[in-house]
Amino acid sequence: MHHASCLRSGRLLLLLLALLSITLCTASDCDAGYAAPSGSPCTICPFGKYAPPSSTSCSYCEVGKYNPDPGQQSCILCGQGTYLLFTGAVDVTQCSHCALGKYNDNPGLGTYCYDCQRGKIAPFAGAAVCEDCSSGTYASSEGSTECTQCEEGKHAGSSGAEVCVWCAAGTFTNYRGAVVCTFCSGGKYSDSGATSCSSCGQGKFSNPGASSCEVCEHAQGFIAQGEGNNDCEYCGIGKYANISTHECKSCVQGKYSIGSVNECLDCEPGKFNSNDAASSCSPCEPGSAPNGAEGCVQCSKNMYAPFGASECSPCQQGAHSQPGSAYCDRCLSGKYYDELNNDCELCPAGTFTATGGSGIWQCQICSVGFIAWTAGSPNCWACDPGKHTNEQQTDCESCSVGKYSGTAASQCSSCESGKYATAGSPNCFACEAGKYTNGDKDACINCPEGKISGTASSMCTVCETGKYAEGVGNVACNFCNDYEAVLGSTTYGNGTKSVSGCVCPAGEYDMYDMCARLPEGVKSYIVGFTVENLDIEEGYWRSSRSSSVILPCLVETGEHCVGGNDPEDQCAEGYTGPLCAVCQDGYASTGSGMFLKCSTCEGGDVTITIAVGFGLFFSTIFFLAGLTCCCRKVRRSEEGEDGDNDNDRMTLSNNDSLASKRGQTRKELSKIDSKKKFSKVDSLIEAYDECRPYGKIVLSYLQIAGGLSFNFDIGFPPLFTQFMGIMASVVNVEFLSMMPLGCVMNSDSHHTLLMYTLTPFFAGVGMLIAYKVLKLKGKVEASNAVFGWFLFMTFFILPSVSMKIFSTFACREFDGGYGSFMRVDYSIDCLSDEHKMYEMYAGVCVLIFVVGIPAFYVWLLYRSRHLLDPGQKRLEAQYGEKEALRMVLEERERLEEEHPELKSLSFLYDSYEPRYYYFEVLDALRKQMLSGGLVVLGQGSLSQIVVSIFICLCSTRIFVSCKPYIKRKVDIFLELSLWQIFFVMFAALLIRVSEIGDQFQIENESVFDFLLILTQALAPAVMLAMALIKGKSIAKKVSAKVEERSFKNGGRDGEGGGKGKKKKVGEVQLTTFRSGRAIVAGEGVLGGDGKRRDQPEEQPVEKKPVEKIAVPPPPPNPWTKHFDEKEQAFYYLHEDSSTSTWEKPEGFI
């Protein structure tokens, strides 16, 4: 079978080779019109196809071609005027004729025919070319099938026109299909595109083919009557061209024409004519004058005309004439021509004429102030001074009283204001100073009280504000600011009549016969203040009516001080005493300073508030104590159970079957896995250690800045004061001031002093006793923790307690014998015997707290100085700064292991470089000097602020130069807080300078307030940001550590190499109990850190041993310790896995 298959395959291969040879031979031998597909003989190409010689296939005729016969080498092109859009056409009938309006002049077109161009048409289908439109027709669009005749007014002069052309102006056509346009005849015109010509109107003419008519030149004597004129007519002499009638007219009498005019000319002056169509004029005889068409006319009466005159002229004034006279006669002065009598007459009295007149109207009335007492006067005469003309101007009369006149007066003038005159006076007389004229202006009267006048006064002037006038007839007002009145005083208004009306102006008050500027806090818009009636604004206070010292209250609003002019009623309800800062009976105070508030003691809310306040305080104390114990327990449990659980894992791995029988495996594994939460606690403790120096810096800053307002006795901007007040209340533990203790007990600053000094004193004594007891019992870690809390307490309370102590000596004395009171509690009289006793007590507290705590720090650090600084300065000279720091930190850590009691001082030195172990003392002194110490420098003085700035800058210079912290970031953060303190003090200096002088003022207090808050919030904001960053880092470390421990506890612990303890321990016997604890037989106990202790921390209770096994020594420790120069801290590197951690690995020695 296999052989037959091979034979068949061979035959098939031979057949394929034969066919291939046949195919190759056939394809190369085919003639034109034949084709041989692959492996086939030559076949003839069918209709619609063609093939060149030696083709392997027949091709379809292309578009525009056809093939009606088979076996063709090529296809036939479609003729002109046709087109073919598809391939494989088999007949000429499949070539389509071009549509109407289209053509094709190329044979074999494979696309649609072309549109005829504009001006051409294809009127039948299958056109090879397009025909031109004949003359007089056009085709405006492509693909047109017929030509359109030109409209009337248009023409097409040649064939193939795309559009018809408008007939030019002066031509027209009135039929369609015009080839040319016809010219308009003479007397007619047309516009462009006209279908007819229009006739020219009257006065116009035109030539043939004109586009418009021309106007005949009437001014030259040409006219055109009627319409359709092709020329103008000329008017000759004696005639003119009439524009309105368009005709030639003759000149009338009195006018003439010499031709070429459009109007006749008037005869020249003195000439005339009496005929129509005259070409010239003639002159008149003397005594007559030409009058147009009437000829010469005789002059009338009082008119004359010499020979050749053009008109009769009137006689001049004072002259007259008879009709037809060639000249005039004149009357003498004082006379006029009477037309009725035709003679000269006398001018009436009161009138005159100097040259004679031609009529009575030329007798002129005398000018104002002049008279003519007889008829025929040639002129007028002026009236004497003190007189005036009568109405007829025929006589002079005397002026009445109160009036006067000068020479030639027509009437008398009233005297000016402040002057008088008798009858017939030529002028007026001025009143003396201190007097004024009466209503008739015939006498002067004295001015009354409160008024004055100068010379020639018509009325008295009221004395201005600030002046007065006593008695009558005053010539000047007296200033209130003279020796008889209060110096600098003014009046309530105008017209003050005596010196008793002089009072101090608005903004000032009478201070011992001298007006002084009102102090701040007094309503300045009221006039007439004295010391006794000062009206105080809200937020201000004074000690008595005789006091001129106005003091701002603790709160600027009217919450404490309501103001007014009665010192006995200037405090709000519930407030009394100096500055209204003392609560009345039945009220208790909460808060202090600007946060002081007196609340009524009625109701149960007070008791609840006090209980809640003390509850929160003691809850916070218990919480911190519990948290400390919890952390210690967690650490101890982790250290102890690390070793126990390692051995438990080894025991359980070797006795898995036995443990499963007793049901212990799950329980023991659960205990081991519970160690994961200890990693989180360790990380939180590490975060606390990391952030502790930042927190101490912020705490110190807030304790200092929060007390500056009190220390400087200065009012910072309101928002900043509130902000720092809240911060200071928190960091200085002002919880007592927030509770109304006055409702249940006698609570004042004396009792607060006792509370703030005795409480930490006895608490500190108790802590030291506990420290000694724990140390004697050998509980080093517990005793170190107690002593660390003791140091933290002293650090925390030192500034606030110092403030309380020094504030006992800070008293404020009020003017007027009102008394001297404590600045922190105005209910306490500083001169009382009780206060003297408390001052003695405060002096003792200065020794205990202010001096004692820093001295105690010095003693603690000095006695351990060799352990705290192993010689950093010496090593720097040999190894360099960074390497020396790393070496001394390692050495200090080793010394802490050797001397565990040294860790009790870690709160004071662990953040600082070893050589700067004492810097906590310097910082404590700095806080002392800038908090309570400022009180002794003269509270509220400018020198106090300057000295405080000097202290701040000196401490800043020391801290910045030394850079005492291990981590440079902490040094930078410290410098930031120091500069913030400086800026607050500098702001206090600016405020104090603006208060005591006018040279400098803070213009925009809101911006100043905002900048202060922004500056002071910088350090807490930076600390918060660092805490968030550190929190994220801790979260990552906790997660990584939990995974690492899960891995170790899950596998490597069972192999005995999970912890990698470095210390080698010989063979010991280990017994595992249900409790998970172990006791090692031998010289001591093996703890969780791989060290042997003299006694176990916990005595086990023997319970049914499972099995005793031998534990081999642990392998070498794979962890190595390294120093990170950037972070200035140690880290640990696992040499096998190349993993690193900041935390000290369990069991690392």
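All residue numbers here begin at 1 and follow the chain in the order shown.
Just so you know, glycine gets a Cβ as well, placed from its N, Cα and C.
Per TrEMBL, the feature compositional bias 'Basic and acidic residues' maps to 1089-1107.
Under the heading domain 'WW', TrEMBL lists 1113-1147.
Positions annotated as region 'Disordered' by TrEMBL: 638-668 (among others).
Per TrEMBL, the feature region 'Disordered' maps to 1084-1121 (among others).
If you look up TrEMBL, you'll see 1-27 marked as signal peptide.
Per TrEMBL, transmembrane segment is recorded for 606-627 (among others).
As annotated by TrEMBL, transmembrane segment applies to 698-716 (among others).
Annotation source TrEMBL lists transmembrane segment at 722-741 (among others).
Same-chain neighbours of the transmembrane segment (753-774): 736, 782-783, 786-787, 789-790, 793-794, 797, 800-801, 804-805, 808, 838, 841-842, 845, 848-849, 904, counting only residues six or more beyond its ends whose CB sits under 8 Å from a CB of the stretch. Summarising the annotation, TrEMBL assigns transmembrane segment to 753-774 (among others).
Annotation source TrEMBL lists transmembrane segment at 786-806 (among others).
Nonlocal intrachain contacts for the transmembrane segment (841-862), taken as residues 6+ away from its ends with a CB within less than 8 angstroms of a stretch CB, comprise 753, 757, 760-761, 794, 798, 801-802, 805-806, 808-809, 868, 905, 908-909, 917-918, 920-921, 924-925, 928, 932. Per TrEMBL, the feature transmembrane segment maps to 841-862 (among others).
What TrEMBL records for 972-991 (among others) is transmembrane segment. Taking Cβ pairs closer than 8 Å, the transmembrane segment (972-991) reaches residues 693-694, 697-698, 700-701, 704-705, 708, 712, 714-716, 930, 942, 945-946, 948-949, 952-953, 955-956, 959-960, 965, 1000, 1002, 1008, 1012, 1015-1016, 1018-1019, 1022-1023 in its own chain, all 6 or more past its ends.
Annotation comment: TrEMBL describes 1011-1029 (among others) as transmembrane segment.
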Close approaches to the transmembrane segment (786-806) from elsewhere in its chain (Cβ under 8 angstroms; 6 or more beyond its ends): 628, 696, 699-700, 703-704, 707, 710, 731-734, 752-753, 756-757, 760, 763-764, 767-768, 770-771, 774, 842, 845-846, 849-850, 853, 856, 903-908, 920, 924, 927-928, 931-933, 935-936
Reported mean pLDDT - the domain 'WW' (1113-1147): 71
